[in-house]
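Student: Before we start, here is the structure in question, set down as structure tokens.
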Amino acid sequence: MSPAKKTVTESAVDTAAEESTGTTKTATKRASSTRAASKTAAKKTASSTTTASKAKTTNKTAAAKKTAASKSVDKTESEKKPAAKKTTAKATAAAKSSTASKPAAKKTTKKTAAKRTSAKKKINEIDEIIESETPEEDAEEQDEQKEQAEQARKALPKDAMVITSRDEDTSPSATQITGATVDPVKDYLKQIGKVALLNAAEEVDLAMRIEAGLFAEEKLDTATDLTPKLKRELRAIARDGQRAKSHLLGANLRLVVSLAKRYTGRGMQFLDLIQEGNLGLIRAVEKFDYTKGFKFSTYATWWIRQAITRAMADQARTIRIPVHMVEVINKLARVQRQMLQDLGREPTPEELAHELDMTPEKVVEVQKYGREPISLHTPLGEDGDSEFGDLIEDTEAVVPADAVGFTMLQRQLESLLDSLSEREAGVIKMRFGLGDGMPKTLDQIGDTFGVTRERIRQIESKTMAKLRHPSRSQALRDYLE
């Protein structure tokens, strides 16, 4: 290679290296400015600016590389043509010089490639730093989503399989737990048994976290001059309080089951009793004061029992009875069972009244309130062929013998009234409602006949005296017996 060619090659390489270095510095400065701007601007604007800067820098670097390479090739080819026309001696010297300059060219090429590689690495590192620097609110939202996903995953058993509408467009969202049995009570007991019990220290720690969470929620609702940083901290404390509340609830669900067993067979399903007790447990968690020094189970028992008894008073009976009367009925039932064991017989209302400090009439009334209604379709007998309603008399049904007697009485009255005058028979019919079943007053009858009410009263009295005569009344006495 000739000295001119060597010089052109070296200058082309240096030019490419300088352009690459300059481009790297420019990209570094732009990336730094973009990073500074992203801290104050919104996330979307920072991301778009960084992407545009990186794309422009990459395009400029590629264009510079292509331009430098093409210039180097053109200059080399233009210098190669005059050199080929020189003498054989110059060609031999050029060949020797070319042989000697090959290692130097290789070293220069390696240095240039190393510089380009290092520049690309710096640009990539800067881009990664810019992309990794997101606002704190976005990081907080991502943490919340991760926590929610983790809680949902922990809530399901290990063998659980969740099918949602995203997996299959033709089916609605649903949750299916494998290994479930036909007994819902057994499944529920198995599920709550997975949560470990708590000791006194753990209960106090959870109660403190719950109290802090409630205070944070109150501050977030009432305060208006909170800084963004303080709001984020209060939200984190509130979420921690909710997690502590869920933990304390889950660890005491077995206490609700043990208390609900005592109230079975009183008109409510076992699972309904458990759910009502769970509502009382939630109330106990919210009002528990750990500074008193008592265990949580001791405090929660009263709230659970109250929730169950109130639910039974409102829902267990077909006819709702007030809560205070339900308490009296339960007290009467306890005293009655105790006296039955002591006396060996059913106690009388007077004995119960003496024990309960109330009157015997009040005892009978309370006993009536405590009776459970019975369905008319309750089967009777071993085979269940008949129902309880079959034994109850239908008071509105017409007995055939009574129907025949009533018909004969009507005929006898008609024949008896025929023996009277038309005016007398009309007054008696209207006065007692024998025709239409609607008795009328003396004034109404007087208006009909055009006389005074006193005259109608006289006619009625005279006619009744005629009807009481034995010759006429004897035929009607048989119907009175």
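The chain as shown is numbered from 1 upward.
Even glycines carry a Cβ here, placed using N, Cα and C.
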Student: Which of these ranges is annotated DNA-binding region in TrEMBL: 382-401, 422-441, 442-461?
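Tutor: My reading of TrEMBL: the DNA-binding region range is 442-461.
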Student: Where DSSP helix means H, G or I and strand means E or B, what are the helix, strand and coil counts for the DNA-binding region (442-461)?
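Tutor: Summed over the DNA-binding region (442-461), the classes give 17 helix, 0 strand, 3 coil.
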Student: Could you give me the DSSP helix, strand and coil counts for the region 'Sigma-70 factor domain-3' (327-403)?
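Tutor: The composition, in the requested order, is 43 helix, 4 strand, 30 coil.
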